[in-house]
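Peer 1: First, the structure itself, so that you have it in front of you.
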Amino acid sequence: MDAIVLQILNGLDKGGAYALIALGLTLIFGTLGVVNFAHGALFMLGAFCAVAFNHVISLEQVVVDPTKITAWGTPLETRTPYIEVWLGDTGTTLLNYSVPLSILLAVPLMLLFGYVMERGLIRHFYKRPHAEQILVTFGLAIVLQEIVKSYFGANPIPQAAPDVVRGAMDLGTLIGFDPGTIVYPQWRIVYLFFSLGIIGSVFAFLQFTTFGMVVRAGMADRETVGFLGINIERRFTLVFAIAAMVAGLAGVMYTPILPPDYHMGMDFLVLSFVVVVVGGMGSLPGAVSAGFLLGILQSFASMNEVKTILPGIDQIIIYLVAVIILLVRPRGLMGRKGVMET
Amino acid sequence: MSNFRRPINRRSLLKAGAASGLVLATPTIITRNAWADTNFRNDPTNSKSVTFGFNVPQTGAYADEGADELRAYQLAVKHLNGEGDGGMLNTMKPLSLEGNGILGKKVEYVTGDTQTKSDAARASAKRMVEKDGVIMWSGGSSSGVAIAQQSLAQEMGIVFMCGLTHSNDTTGKDKRRYGFRHFFNAYMSGAALGPVLEKQMGKDRRAYHLTADYTWGWTQEESIANTTEGLGWETVNKVRTPLGAGDFSQYIAPVLNSGADVLILNHYGKDMINSLTQAVQFGLRDKLVNGKNFEIIVPLYSRLMAQGAGENIKGIYGTTNWNWSLQDEGSKAFVKSFGQEYGFPPSQAAHTCYVQTLLYADACERAGTFNPAEVIKALEDHQFDGMGNGPTLYRGADHQCFKDVLVVKGNENATSRFDLLEVVEVTPSAQVTYDPEIFGGELGPYKV
């Protein structure tokens, strides 16, 4: 039983990341009709906002000690972050909270990047076939990857969670299990709540604001909204920027779980597309529920008991589910009628 | 039938002479390569220089390791041509090189990108052999890629000096006459780790393996399990994980309540960084199981990986082929040369690539030729010292180097950002030597 609870937690946690990326992906498809293969790269860019922020606040004062020599014959350098030199303990605390603080950098940067990307590139492809949209966005993803790699290198760069949530916690004792049976990393719990919070905020924004109402109306009937004198294009540009920001925030908070490297976006991209397809192209609740569903299924398929009966199932489960869903219900779990159906 | 014989005239004599000449000349025209020992692919006899090929991952997950390998190769070429401070040429014994290239020819090089993919590596190597005329090529960072290139080397008759490859198969079932490995292997890691694990963790342990699902992972899992079971440890489970899984949480969670008190991560590169980071996040290192502290072991370590895993490596045991902190004359000379050139110490990948280049060059010098058959013979069963791992044998039976192996653990009191691994024990070569027959395989012919 404890193994099942642990895998459900894992699935929810993994599903949170899938849902956040898929949410933006499906939002862009639902509003702009664009298949954005660069969305994984936006997740990666968010993660590197955290890395860049950490690099900036960790800038070091280098003191050369001529009395000590390195193994290769140069004087030994002692390095201390400027922030600690200037602010003492406060500086150490700021360094400790580098990942959550980097959200402050990621939000404006990702919004700006999303805006520029939509205005500079994506809008030229609105009326072009999906194949061309895929090619151009995939190409952009590769360019972004290579830029990040040339600057930060190919090796993963570890980012630590704040000390207070760095270890694991005994969740089992809270829900009536024996002590030590359900131990789970605290940061992963933070991530789960963070993703739920972001998902809730996006839904609330679209559901309860005038802006959201116009966007939803535009998604349903773009032309009619245009006839009413509303500049729907401008709103859709903002939607693209918001989707980029959501993917970026998902990336920022994921860095303590997975040390970021330039390729991490591609690793999530394919899975996120499967999530969108299973959930239903353009359906926000579909993307979220499919994200959590596939996350949990993937975790269960990795259990030794399951793998003993079905070897290798952990590697194909997501695609298997996608094939079944597409055969039985081509529009996806919550897809709108007529979307991707002929 | 007539008894009449035609008289021999000048014309028929000339015809007969021409025909005889043609018959005598025919074998030479058709089979000239067969009886000319001096004829071999990319023979540089009429050239003032020789070209090496350095085929490393310049893109992909191992690009940083590939960049460090390339730095080492460039340094080796510099030293071979008599530039710089000479590095290990000052400590290598015996030494036939004179710092004037190889056999008086200047060494030049071309580079290729393996992308850590077998087909890309083979295509790049083929281009270097056929277009650039390399006389030897080298490179590493993946056993699958090394094995694929080794087969190509045998087909093309050009020596391949393996870079970083740790699978038993490279010099085991997939060994080739034209492939040589200086780096240690999974069997040696197991043999070196065994006594240290027994001393540090005792004989009553229960181990759980997470293994990268490809040739290197399988051979390492087998070697380490053989070692730990030999100590009396029980193997609770062996779980294969897809290469590049990213999130390993679904594989780590079952370890928590499996009854295991040791987790062995047969992962390398990004997989190792991710699985170790996540295992530590799951609190495994703080866990008490069967009355013992839970331990994690990473059988193959590298400094570049340790950098990626950050603080999570502290106190975790593993093995490495070489570390820059070694204090022998060869290591000190190499670290000094490399550090002055690039501003930081070399990785183990850089070390093995540098040494392989010098060893090949020295073998040519000793053989007095670039003919690969002779160079191979010069490398086989060659004994040398002063290259950073103590006295070393390049065993002729499988082209595997036998030398001391380092058992290390993640440094808990690092003095610099490079001081990540602490050498716990130097396991003597004799303790990691094995019978070449146990892994099978055939080297193949000298002449191809």
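Using the three backbone atoms N, Cα and C, a Cβ is placed for every residue, glycine included.
In TrEMBL, annotation is done automatically, which means it is predicted and not curated.
Dumping what TrEMBL says about this protein:
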TRANSMEM  A:15-35  transmembrane segment
TRANSMEM  A:42-59  transmembrane segment
TRANSMEM  A:94-113  transmembrane segment
TRANSMEM  A:189-215  transmembrane segment
TRANSMEM  A:236-257  transmembrane segment
TRANSMEM  A:269-297  transmembrane segment
TRANSMEM  A:309-328  transmembrane segment
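For each feature listed, report its degree of burial, its nearest neighbours and the pertinent distances within the displayed model.
Peer 2: Residues 21, 24, 81-83, 94-95, 98-99, 101-102, 105-106, 109-110, 113-114, 144-145, 148, 152, 157, 159, 243-244, 247-252, 254-255, 260, 262-265, 268 of the same chain, all 6+ positions outside the transmembrane segment (A:42-59), place their C-beta atoms under 8 angstroms from a C-beta of that stretch.
Note on the transmembrane segment (A:309-328): residues 271, 274, 277-278, 294, 297-298, 301-302 of its chain, located 6 or more positions outside it, place their CB under 8 angstroms from a CB of the stretch.
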Peer 1: Excluding the flanking five residues on each side, which residues at least 6 beyond the ends of the transmembrane segment (A:15-35) place their CB within less than 8 Å of a CB in that stretch?
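Peer 2: For the transmembrane segment (A:15-35), the sequence-distant neighbours (Cβ-Cβ under 8 Å, at least 6 residues beyond its ends) are 42-43, 118, 122, 125-126, 130, 133-134, 137, 191-192, 194-196, 198-199, 202, 215, 218-219, 236, 239-240, 242-244, 246-247, 249-250, 254, 268-269, 271-273, 275-276, 279, 281-284, 286-288, 290-296.
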Peer 1: List, by number or range, the same-chain residues at least 6 past the transmembrane segment (A:94-113) whose CB is under 8 A from its CB atoms?
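Peer 2: Here the qualifying positions are 42, 45-46, 49-50, 52-54, 57-58, 81, 83-84, 87, 159-163, 241-242, 244-245, 247-249, 251-253, 255-256.
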Peer 1: Counting only residues 6 or more past its boundaries, what in the same chain has a CB within less than 8 Å of a CB in the transmembrane segment (A:269-297)?
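Peer 2: Long-range Cβ neighbours of the transmembrane segment (A:269-297): 7-8, 10-23, 25-27, 29-30, 37, 39-41, 141, 199, 202-203, 206, 219, 317-319, 321-322, 325-326, 331-336, 339-340.
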